[in-house]
Amino acid sequence: MRILVTNDDGIHAPGLKVLEEIARELSDDVWVVAPETDQSGVSHSLSLNDPLRLRRVAETRFAVKGTPSDCVIMGVRHILKERGPDLVLSGVNRGQNVAEDVTYSGTVAGAMEGTILGVRSIALSQAYGVGGRANVKWHTAAEHGARTIRRILEAGIEPGILVNVNFPDCEPEAVEGIAVVAQGMRNQQLLAIDERLDGRGNPYFWLAFAKARFEPGHGTDLKAIAENRIAVTPLRLDLTDEPTLTRFAQVFG
């Protein structure tokens, strides 16, 4: 099995190294094509107005000056054009990609692009908690990653579907199994604008989340990782809402 690995945190990210190790538990034919720099939050964007610069880091490792989607396209259509990958793995992201995160996530977009190109694709992220970005439990993803991927592949991934995996913020032995769950939704009232002043008194702004009690919905990715379970969520490329489609057809028909 030929595996293409990408991410959105960049070619030097620790999570990418973790995912390479996970991939090598599954296959000895692993290729890495990742962004030259951190592309967190770029979603499914493409570099249409800038050229893509490709740098060979090692025999089967490449860095691209571009987005995660650019990287997957370069991997499938250029680097591996003679024989494409059988699986695209994107991650392991520093931080969870659950609920509406998936619409912003470059990690999820890497898997989405693989799906568009007809390759089975899985996005993987490692949640972190109060310890912050400096205390990510990468060993949890490393311990459970290959086993989780194997089970997903055994279950089968249909065309047009990608799989989003989130590992909880706990020690590997504290993981309470795998939960197949829906995409959740946060309380958007917690999203705030943090206004500050620079040294010259000019305002600048950060997006921030207010700290408040929030109860995630049952059967969601948010709830699963809160309960120390690995959240596995199938997502689809077709964003059509069928009930509304039917209702609109009756109204406008």
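A Cβ is built for glycine as well, from the same backbone N, Cα and C atoms used for every other residue.
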Among Asn93, Asn135 - the residue Swiss-Prot places in the same divalent metal cation site as Asp8, Asp9, Ser40: Asn93
Least Cβ-crowded entry, counting other Cβ within 10 Å, from the binding-site residues listed as Ser40, Asn93: Ser40
Output field, divalent metal cation shell: CB within 8 Å of site CB centroid, site Asp8, Asp9, Ser40, Asn93 dropped: Asn7, Gly10, Ala13, Gly15, Asp38, Gln39, Gly41, Pro68, Gly91, Arg94, Gly95, Ser105, Gly106, Thr107
Those residues of the chain, 6+ apart, with a Cβ under 8 Å from that of Asp9 (divalent metal cation binding site): Gly15, Leu16, Asp38, Gln39, Ser40, Asn93, Arg94, Thr107
